[in-house]
Structure formats: structure tokens, C-alpha cells
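These notes concern the structure reproduced below.
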Amino acid sequence: MDLAFTKEEQAFREEVRAFFRDNVPPDTRRKLVEGRHLSKDEMVTWWRILNKKGWGVSHWPKQYGGTGWTSVQHYIFNEELQSYPAPQPLAFGVSMVGPVIYTFGNEEQKKKYLPRIANVDDWWCQGFSEPGSGSDLASLKTKAERRGDKWIINGQKTWTTLAQHADMIFCLCRTDASAKKQMGISFIVFPMKSKGVTVRPIQTIDGGHEVNEVFFDDVEVPVENLIGEENKGWDYAKFLLGNERTGIARVGVSKERLRRIRDLAGKVESSGKPIIQDAAFREKLAACEIELKALELTQLRVVADEGKHGKGKPNPASSVLKIKGSEIQQTTTELLMEVIGPFAAPYDVHGDDGSNEAMDWTAQIAPSYFNNRKVSIYGGSNEIQRNIIAKAVLGL
Amino acid sequence: MDFDLTEEQRLLKDSIDGLLTDSYDFESRKKYMKEKGGWSKAVWLKLAEQGLLGLPFSEADGGFGGGGVETMIVMEALGKALVLEPYLATVVIGGGFLRHAGSDAQKAAHVPGIVDGSKTLAFAQLEKNSRYDLFDVATTAKKKGDGWIIDGEKFVVLNGENADTLIVTARTKGSRRDTTGIGVFLVPADAKGVTKKSYPTQDGLHAADITFTGVEVGADAAIGNPDDSLALIERVVDEARVALCAEAVGLMDESLKTTVEYIKTRKQFGVAIGSFQSLQHRASDMFVATEQARSMSMFATMANDFEDAKERSNAIAAAKVQIGKSLKFVGQQSIQLHGGIGMTMEAKIGHYFKRLTMIENTFGDTDYHQRRVADSGGLI
């Protein structure tokens with residue numbers, strides 16, 4: 001057992017850190033620190049910088065543009081990226097559909113889609129959840145019927161993150177209504193500008209527009225847009241969801257936020273002195289830091305295990321990372337609310353355009369707190385994660 | 001970065017797990033508890049035979065040169081089997097003082113007896129009002145000729161009843177809460193002026209309250225600098241905290257395992273109660289708590305070797321906080337999920353709960369260590 005990173009790993013960390021310092025647009029960083037939303041342009045600009053460096057799809061196999069890094073290097077990269085902070089690669093393309101395509105897609109599909117995912121020439125979104133199919137995803141009803149050389153798609157998806165920016169969607173569709181619910185699903189991709197696709201925004205409690213409803217009304221999709229085999233979509237969906245493991249803990253994000261809390265708590269006064277001098281507050285902050293340290297170590301255990309023994313089967317420890325990671329993220333936003341106190345209330349009428357300079361550091365704290373309630377809901381709610389632990393680990 | 005055990009460490013783990021599986025079932029433990037001082041000499045000698053009592057000592061001192069990871073392995077195993085024998089008091093703490101600051105003569109006098117199992121030690125540190133502050137020492141050691149005269153009262157001295165030698169913290173200078181002027185002394189348990197009141201503790205171990213009245217010891221009794229040994233005490237107690245973290249992880253592992261087995265077999269409403277989601281989620285949360293504790297136990301084990309003393313104690317304090325939170329949850333929920341049977345002395349789960357609970361109140365509880373981390377300026 002050894003906690004230390006090797007010299008090479010430390011040098012790698014320096015390299016990554018320096019690259020972020022020199023290349024992340026300062027305004028992009030500032031907005032992230034303040035918990036603001038980024039524009040499509042800001043995100044794409046950064047991802048293309050990253051891709052040009054060769055780090056856009058770092059965990060992909062080398063032949064498709066990946067880096068060949070060790071699991072420790074991936075961990076370091078993610079941690080530095082999250083804690084700098086810089087925008088994370090667009091998960092829907094890079095972590096989700098990309099790996100499905102290079103693992104299950106045909107040569108033509110790989111050639112057609114993968115480079116465009118890497119350079120975000122296509123912005124991808126995920127068509128999984130439906131109004132009646134959240135945690136029980138396999139009950140989904142969106143239908144794809146084969147008609148000649150086309151799929152005809154009808155139905156509705158929801159919680160479609162950033163669909164308003166998307167060029168492409170990967171969609172779970174029911175292709176065999178008579179089969180057991182997991183067995184009749186296929187994985188189909190198509191352009192968002194196809195005739196019959198309608199995107200309707202959902203405004204969330206933070207006032208933001210991240211998610212959407214997407215309606216399909218007789219959308220015609222060429223048959224070759226099926227990825228892998230017909231009716232095997234559920235397997236690919238499971239593969240996709242299990243693919244993202246250690247990043248889900250978002251240790252770097254919480255680290256950055258805790259540093260910010262400590263910084264702000266040294267400035268904001270409470271009872272005539274900085275709130276950091278309040279013992280009760282300080283202990284709450286320490287409690288959160290300790291939990292995060294434990295999570296970081298748990299994550300390192302998973303990373304080291306993967307490095308040594310390969311990825312193999314999905315590691316149930318990733319459920320621990322999801323549960324604790326989301327809880328800690330939420331606690332950090334609670335602590336920020338506590339620091340800001342009564343100034344949580346003003347509504348940022350200027351939105352995210354940066355024109356409200358006087359309120360910059362306070363304006364997004366309450367929205368960010370509201371927004372972060374999502375992290376224990378998405379990606380398999382924390383209750384679903386507990387089901388997974390109960391079944392896969394404890395054999396209950 | 002590596003969290004795997006080496007081949008040798010795996011063998012060590014197998015050997016101690018094997019020994020305890022053979023000699024430490026729940027029924028045997030009840031018998032051992034009734035022996036003098038509350039533990040089994042025969043088991044102790046078996047531990048000696050396997051080299052476990054000499055584990056952390058250097059080969060030059062007659063030991064096996066084991067490090068923190070080896071101690072972690074042993075403590076986890078001892079926790080898992082709910083072992084009563086005084087490994088913490090004798091090998092970890094007593095041995096710790098000798099390893100870190102013992103003179104050659106002191107090591108020669110005490111280490112061989114520890115290694116072969118013939119002698120045990122106890123750490124007389126806690127005082128009536130000191131609570132968790134290691135520097136809060138009212139017991140005095142006054143210079144007399146080359147030696148000292150020790151006066152004072154110490155409480156809840158683990159293994160105090162059986163120990164051959166007591167390691168006593170006493171003040172040579174200054175007043176009760178000064179951080180300097182504290183020494184560490186080796187005192188034979190049968191020295192004139194030592195009186196003991198022994199009793200079983202809540203978790204089935206044995207301890208003693210010990211009074212020192214004009215106890216005379218020689219010049220060779222002081223371990224390290226008799227006027228300035230707080231750093232030494234902190235170092236050794238940090239190691240004891242790390243050991244307790246590992247023991248707690250072993251206890252939590254076994255508590256979780258026992259509880260999950262129970263809810264798989266206990267039937268109500270015609271089904272195993274483990275089929276109910278509320279219980280499944282509770283058990284999952286126990287798993288999460290145990291894994292977080294294991295991570296911090298490993299962290300603390302490795303932190304033991306940090307060069308910077310402040311960084312070391314901060315990391316270990318953080319670990320004790322995580323372990324404290326986890327053990328309370330796992331311990332309490334183990335009883336809850338067992339239902340009525342968990343309340344009985346007959347079921348082993350309650351005994352795990354009691355040991356876990358006492359670990360929380362040993363060498364600083366969750367609040368105490370959380371405050372230390374908070375006041376240190378944080379961990380991130």
C-alpha cells in the first residue's frame with residue numbers, strides 16, 4: 001500500500017495544470033466558479049482547444065483518438081479539470097455514445113461519427129428517460145417501426161439535457177413490443193433537425209434551461225442508423241451507464257467549491273467577524289472536508305484497482321461514489337448558502353450575461369443550490385444506487 | 001499509488017485470520033473473558049508463536065520489522081473476531097513508546113518479554129479531568145536523586161489488571177495544562193505505592209483505575225526526555241488511533257456481514273425481511289459507511305509515515321472522525337436490523353456494537369477530532 005504518486009504522475013499533473021492555466025478562457029473559468037451556465041459557444045470553444053491538444057476523448061482507445069493514459073493519469077486529469085475548474089467534456093458524446101459506437105457500431109458508423117464527436121462538430125444529446133420511464137427506464141414506450149429502409153419513430157423523451165444545442169440524439173426505442181421489456185429495445189441515432197422532432201424547454205427550479213422535452217412525430221430515420229444489433233439496445237444502455245465510473249464522484253468539483261467557501265467565509269462577516277471565525281461553521285466545513293477526503297480515498301481505491309486488475313465488470317463501489325459524491329456536492333452548495341446568508345435572496349435579473357458585476361459572487365449561489373438537488377436524482381437516483389448495492393454487493 | 005497488499009502481507013492476513021477462526025469463536029470468547037484480567041494467556045501465546053507480538057519491532061530488537069500496514073492487518077483481524085487480548089495496550093502503545101524513544105537498555109529489558117508473550121504492558125494516561133487532551137497531566141514525577149517519585153491517579157487503564165509494566169505519563173515541571181514538562185515513565189506494576197482497582201469495561205475488556213502514591217522509580221525509568229515528551233506521546237497515541245480505526249473497520253465488516261446474514265434468514269410476513277426495500281437501503285448505507293471508514297483507515301495508516309507531524313495528526317484526526325461517524329451508524333443499525341434479538345447478550349451483534357461504541361470514546365471522539373481538523377485550517 002502506498003499513497004504516493006510516482007514522479008512521472010506528478011510531472012503529468014503539472015503538465016495538465018499548466019495546460020489549463022494557459023488555455024482555459026478566463027471568462028469561462030470565472031463563470032464556472034460563480035456557478036453560472038456557459039453558452040454553447042463557450043463550451044465548444046474550450047472542447048476544441050482540448051481536442052486540438054489530443055485530450056478531447058482521452059479515455060477512448062488510441063486508434064479512435066484516445067491517449068492511452070493509465071487509470072491514474074485519467075484520475076489526475078479529471079481532478080485537475082474539475083478543480084481548476086474547466087468545463088468537462090460533453091458526456092453525451094464523449095462518455096456515452098462514443099464508447100457505444102466504437103464498441104458496438106460498424107466501421108462506417110465509427111468513421112462517420114467518432115471524429116465529429118471528438119471535435120464536437122456534432123453536439124449529442126441523450127434520449128433515454130420518458131415521462132413514464134424514469135428509474136424504470138426499461139418500461140420506455142417510444143416506438144421505432146421498420147418501414148422499408150427506414151425507422152419510423154414516434155414518442156416522447158424528457159429530461160433531455162441541452163437538447164436545445166444538440167445536432168444528434170441517441171435514442172432508446174422499442175422495436176419489439178411483444179418481447180420482455182428489456183429485450184425489445186434498440187439503440188438508434190439521428191439528427192435533431194429531422195422532420196418531426198420538436199424540442200420544448202423545461203424550466204428548472206433554479207430558473208435555468210438545461211433540460212427539455214423532445215417529441216417525435218413520425219420521424220424518418222435511415223435503417224443504417226441502428227447501432228449494434230436490433231433489440232440489444234438495453235445491453236448497450238447498461239454498458240454506457242456503467243462506463244462512467246470514477247468521474248461521477250466529482251471530487252474535484254467539490255474540492256474547488258470547498259476552497260471557494262473557505263475563501264468567501266474569510267470575507268463575509270457574521271456578528272462582526274468573518275464567518276470562518278465562527279466555530280460551528282468551521283466544524284461544518286471540516287466535516288464536509290473529511291467526508292470528501294474519505295470519498296477521494298474510496299475513489300483512489302477504485303482507480304488503483306482498475307489500473308491493476310483492469311476494468312472488468314462494473315465495480316459496485318461506483319455506487320458508493322455516486323451516493324457520497326452527490327451528497328457532498330449538495331452539502332457544499334448548502335454551505336455556500338450559509339455563507340451568503342440573507343443575500344441569497346436577490347434574483348439575478350441580469351441572468352448569466354455578467355453585466356451584474358456588483359452581485360457577481362452572490363447571484364448564482366441560491367440557483368446553484370437549487371440546481372444541485374438534481375445530482376442525487378440523475379444517473380440512477382441514489383435510491384437506485386442503494387438497490388444496486390443491496391443486490392450486487394450484499395446479495396439481498 | 002497502490003492499495004493492494006503484498007504477498008507477504010496477504011500471508012500475514014491469512015495466518016491471523018486462520019488462527020482466530022480456529023480459536024476465537026463467540027463461545028470461546030466468553031470463556032476467555034472469565035480468565036484473570038479478562039483474556040486468555042493461551043491465545044496470547046499463540047499470537048506470540050505466530051510472531052504477531054513482535055511484528056512492529058525492528059529485527060535488531062528481536063522483532064519482525066513490520067510497518068503500519070502490518071499493524072492494520074492485525075488490528076482489523078482482531079476487530080473482526082472481537083478479540084479481548086491486550087494487543088493495543090502492549091504491542092501498539094507499549095511497544096510504540098519503546099520503539100520510538102526507548103533506550104537500548106529499556107528495549108533490551110522489555111521487548112523480548114513482549115515478543116515471546118511472557119509480559120504485557122498498559123498505558124496509564126487518562127486522568128479524572130484530562131478527557132482527551134494528552135497534555136492535561138496532573139500526575140507528578142518529582143526528581144529524587146537520580147530517579148523520580150510519582151504521585152497521582154490514572155483511570156480506565158486498559159489491561160491495567162494484568163500488565164507487568166505500566167507506562168505512565170507524569171509531569172516533571174509546570175502546571176496541569178502546560179504542554180511542556182511532561183514525561184513518560186516505565187513503572188513495574190508491583191512497585192511499592194501502586195494500587196489498582198480492576199473492573200470489566202462495557203465492551204468486555206478489562207481496565208483498572210490506578211493510584212500512584214510516592215512510587216519511586218530509578219533514573220532508567222524515563223522513556224525519552226522526561227521534561228518534554230508530549231510530541232512522543234502524541235506520536236504513539238496517533239498510532240493507537242490508527243490501530244483503533246483498523247480495529248473498528250474489522251468490527252464494522254463483521255457487523256455488516258452478520259446483519260446481512262440475519263436479514264436474509266429472518267422471516268416475517270412469510271418472507272425474509274431482507275426482501276424489504278427499507279431494510280435493503282439501510283444495509284446499503286451501512287456498506288457505504290463501512291467503505292468510507294475503510295478508506296480513511298488506509299489513509300491514516302499511510303499518514304502515519306508523513307514526515308510533517310501536523311499533517312500526520314490532522315490526517316489521523318480526520319480518520320477518527322470518519323470512523324466515529326461510520327461506527328455509530330453501522331453499530332446502531334446493526335442492532336436495529338436485528339430487532340429484539342440484537343438487544344440480547346446472547347447474540348454476538350450487541351457485543352460488536354459495544355466495542356465499536358467504546359472505540360468512539362477512546363483517544364478523542366468525533367467532536368474532539370473534528371474540532372482539531374476545523375481549527376487546523378482544514379484538510380483540502
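Using N, Cα and C of the backbone, Cβ positions are placed for all residues, glycine too.
Source: prediction; values computed, not measured.
DSSP assignment over the domain 'Acyl-CoA dehydrogenase/oxidase N-terminal' (A:6-119) gives 81 helix, 0 strand, 33 coil. Here TrEMBL flags A:6-119 as domain 'Acyl-CoA dehydrogenase/oxidase N-terminal'.
Under the heading domain 'Acyl-CoA oxidase/dehydrogenase middle', TrEMBL lists A:125-219. Within the model, the domain 'Acyl-CoA oxidase/dehydrogenase middle' (A:125-219) carries an average pLDDT of 96.
What TrEMBL records for A:231-394 is domain 'Acyl-CoA dehydrogenase/oxidase C-terminal'.
Look at the domain 'Acyl-CoA oxidase/dehydrogenase middle' (A:125-219): DSSP puts its residues at 6 helix, 47 strand, 42 coil.
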